[in-house]
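Below are the features listed in TrEMBL for this protein:
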- 33-58: transmembrane segment (TRANSMEM)
- 78-98: transmembrane segment (TRANSMEM)
- 110-128: transmembrane segment (TRANSMEM)
- 148-172: transmembrane segment (TRANSMEM)
- 179-201: transmembrane segment (TRANSMEM)
- 221-242: transmembrane segment (TRANSMEM)
Amino acid sequence: MTPPNQDSDTLIISDLASTNIEIYLSVSKTVKFLSLIVVALTLVSIIIQFTLYDLPYYPSREALVRLFNVDGEANIPAVYSTATLLFCAILLAIIAHAKKVAENRYSRHWRALSIIFVFLSLDELVSLHEELINPMRSLFHTSGFLYFAWVIPGGIFVIICLLMFMQFLTALPRTTRRLFFLAGSIFITGTLGVEMVGAYYSNLYGQENFVYAIVSTVEELFEMVGVLVLISALMSYINLYVKEVGLRVRFSDRQVVRSLNLQ
């Protein structure tokens with residue numbers, strides 16, 4: 001029975017404050033699910049590109065290419081890549097928070113990585129890095145492998161990050177460290193290495209052909225696989241070293257406390 005001096009809002013707040021939400025994420029199932037999406041997006045993109053360059057015209061061809069080309073912007077593959085990069089940023093932020101609470105010396109490194117991945121997710125959606133191509137090309141008069149001249153500041157950024165985070169990386173558990181290096185190697189091979197191959201080919205033969213479409217698809221595949229390996233590494237790390245994270249959400253004068261149990 002409700003006491004006379006206690007209104008219904010107070011009872012609602014009490015009920016909400018005692019609510020616990022437990023979220024269980026299987027590392028293997030998550031990776032398998034995302035792997036299927038990567039394979040599907042890659043195959044569909046190749047098929048669509050093949051129909052564009054090697055088959056007769058059919059209705060909605062250009063629309064399908066825009067929608068499923070893995071090298072496109074603001075389409076289904078771009079949204080997927082943006083979402084997975086943002087997921088990495090969230091996982092990194094969770095670890096950063098846990099490390100800060102534990103007063104770990106590397107909490108700032110985790111936070112910095114989270115911020116970097118927020119930027120990468122935004123760049124993946126709208127291709128901000130491509131705005132650097134023409135200015136860099138005009139400045140350095142690049143051609144061949146450096147025809148897409150954004151790789152110059154991009155490569156410098158990678159080197160700076162590697163130097164800044166080297167001590168942090170060496171302090172990671174061995175399995176996590178290996179997965180981080182594997183993920184980074186795959187991702188950088190795609191985003192810089194295969195990109196430079198595509199630049200060389202584009203400089204000679206242009207981009208409107210099936211060969212360039214395959215090169216750009218391989219580039220995006222490397223990037224998606226690299227992110228997938230990183231997601232596996234981060235989820236496994238959280239499962240082993242960050243057992244529980246408390247999340248406090250405040251709405252006006254009401255307060256909800258939820259517990260996220262990451263398994």
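The count begins at 1 with the first shown residue.
Quick reminder: no glycine exception, Cβ is built from N, Cα and C everywhere.
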Are there three or more C-beta pairs under 8 angstroms joining the transmembrane segment (148-172) and the transmembrane segment (221-242), sequence spacing 6 or more?
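Between the transmembrane segment (221-242) and the transmembrane segment (148-172), contact is absent.
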Give the nonlocal contacts of the transmembrane segment (148-172) in its own chain as ranges (CB under 8 Å, at least six residues past its ends).
106, 109, 113, 116, 129-130, 132-137, 139-140, 142, 180-181, 188, 191-192, 195-196, 198-199, 202
Could you tell me whether the transmembrane segment (78-98) and the transmembrane segment (110-128) are in contact, taking contact to mean 3+ Cβ pairs under 8 Å with a sequence separation of 6 or more?
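Contact between the transmembrane segment (78-98) and the transmembrane segment (110-128): present, because at least 3 Cβ pairs are under 8 Å.
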Taking a Cβ cut-off under 8 Å, which residues six or more beyond the ends of the transmembrane segment (78-98) line up next to it in the same chain?
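Those are 34, 37, 41, 72, 107-108, 110-111, 113-115, 117-118, 120-122, 124-125, 220, 223-224, 227-228, 230-231, 234-235, 237-238, 241-242, 245, 262, in sequence order.
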